[in-house]
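Lifted from Swiss-Prot, the feature list:
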- 11-63: disulfide bond (DISULFID)
- 15-37: disulfide bond (DISULFID)
- 22-44: disulfide bond (DISULFID)
- 26-46: disulfide bond (DISULFID)
- 1-64: domain 'LCN-type CS-alpha/beta' (DOMAIN)
């Protein structure tokens, strides 16, 4: 599984071009995962996630309220 990790505010975790920052963010939630900064979305993106990992979903988006 893969997807955008969600911050405490329910939003995607923002980044600019810092892949290491995103890798740390992903591994803090899911130890075996990897991550990078998705340039077009300016958000961290995690890969190699467990099936039950909760990631950002446009249909359940709670960002900003």
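Quick reminder: no glycine exception, Cβ is built from N, Cα and C everywhere.
Everything Swiss-Prot records as a feature, shown here on the structure.
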residue : record         : CB count, 10 Å
11      : disulfide bond : 15
15      : disulfide bond : 21
22      : disulfide bond : 24
26      : disulfide bond : 26
37      : disulfide bond : 21
44      : disulfide bond : 26
46      : disulfide bond : 24
63      : disulfide bond : 12
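Restricting the disulfide-bonded residues 11, 15, 37, 63 to those with a CA within 10 Å of the CA of residue 46 (disulfide bond) leaves 37, listed by sequence position. According to its DSSP assignment, residue 37 (disulfide bond) is in a strand. For the disulfide-bonded residues 11, 22, 26, 44, 63, a Cα-Cα cutoff of 10 angstroms around residue 37 (disulfide bond) retains 22, 44.
Taking the C-alpha atom of residue 11 (disulfide bond) as reference, the shortest distance to any of the disulfide-bonded residues 22, 26, 44 belongs to 44. Proximity to residue 15 (disulfide bond), judged by a C-alpha distance within 10 Å, picks out 22, 44 from the disulfide-bonded residues 22, 26, 44, 63. DSSP assigns residue 46 (disulfide bond) to a strand segment in the three-state reduction.
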